Amino acid sequence: MSVGMGVDLEAFRKSQRADGFASILAIGTANPPNVVDQSTYPDYYFRNTNNEDNTDLKDKFKRICERSAIKKRHMYLTEEILKKNPELCAFLEVPSLDTRQAMLAVEVPRLGKEAAEKAIEEWGQPKSRITHLIFCTTTTPDLPGADFEVAKLLGLHPSVKRVGVFQHGCFAGGTVLRLAKDLAENNRGARVLVVCSENTAVTFRGPSETHLDGLVGLALFGDGAAALIVGADPIPQVEKPCFEIVWTAQTVVPNSDGAISGKLREVGLTFQLKGAVPDLISTNIEKCLVEAFSQFNISDWNQLFWIAHPGGRAILDQVEASLNLDPTKLRATRHVMSEYGNMSSACVHFILDETRKASRQNGCSTSGGGFQMGVLFGFGPGLTVETVVLKSIPFP
């Protein structure tokens, strides 16, 4: 097909496409400096929400925290902030959305910027080479969005093409990889900055006897941001890829309506989590694996390196048991959960970072612990599952 002056549109179309798979070229992470110890968090939480007299509920919360397999978490909300903003410590009695959003509008982009600067530094290329920005958060719905704010904070060129991924929840760490792959492979020379930034100020509130799933969330979630540089056809000896993004998919688990959900209200984001979630994920995950890896003639799930969203200890335990996984497969996932809790969309990128670093420290032959192929799973509201097939990079 040709148009005016002999321009070949088909050749032009092909010239816009990259030759190879999208690669993750750099990873950066960031957390607030405030650290809460899980062993003392029940005392801290019930003291700051003025519920110390509710000893029965506090004991339940202690048991939830003890079973969480989490050692510590990072949180923006400090004791000082909570004292200045007591409406955050009520359950559902006092409107607090304005207070929350005033904090989140500043802190979510700020922490995202911190992670992005680390990724850009590792990448080693000028910011002017960034062509696209994907910004993901489940916390702030302002217009213009946090994507706009972080682009300003970083000083990105006004022509950078921005995509906002908002209100997706925990599965979105996979979503942004799917989007970044499509952008990088369909725009030759594109370099995509991916940023996920999450903050529990949107969900923090006082306890309730009638909403124990809310207590589960309060025991699991932490604050964090992760950033990636994604691009196809890395420049030899200049860019140093750590993983290739080979294939992606998204699906909704059958009969899972309402299993994980959140509602943004005047009191912030309320959280609902049904006890059936670990069963729903563990009984459906093999279907996702078969769909993803049958095309590569892989059926032994222990021959993969694993990056699984740490939705909670029960989910990881049941996935491990249902697939007969070697305990080492989820070691990086469990480590990140232990050190940071569930940071929603940012979690899987922390696990990617941990996997490549541990692989090098342990003398493995590839960034995937010595394995060539790997899987990344995101689980979240819907119940939605994101599946990403990754290829590791051999270490020199």
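One-based numbering along the chain as shown.
Every residue, even glycine, has its Cβ placed from backbone N, Cα and C.
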Which of L25, L104, L273, L352 belongs with K60, F61, K62, R63, G311, G312, R313 in the substrate site listed by Swiss-Prot: L273
Rounded Cα separation (Å) that holds between K62 (substrate binding site) and C170 (active site): 24
Least Cβ-crowded entry, counting other Cβ within 10 Å, from the binding-site residues listed as K60, K62, R63, R313: R63
Other CB atoms, at most 10 A from the CB of G311 (substrate binding site): 25
Tertiary neighbours of F61 (substrate binding site) (same chain, Cβ under 8 Å, six or more apart): P42, Y45, F46, P207, L215, L218, A219
Between G311 (substrate binding site) and C170 (active site): CA-CA distance (Å): 8
Same-chain residues at least 6 apart in sequence whose Cβ lies under 8 Å from G312 (substrate binding site): S68, V216, L220, V277, P278, N342
Lowest local Cβ density among C170, L273, which the record lists as recorded positions, within 10 Å: L273
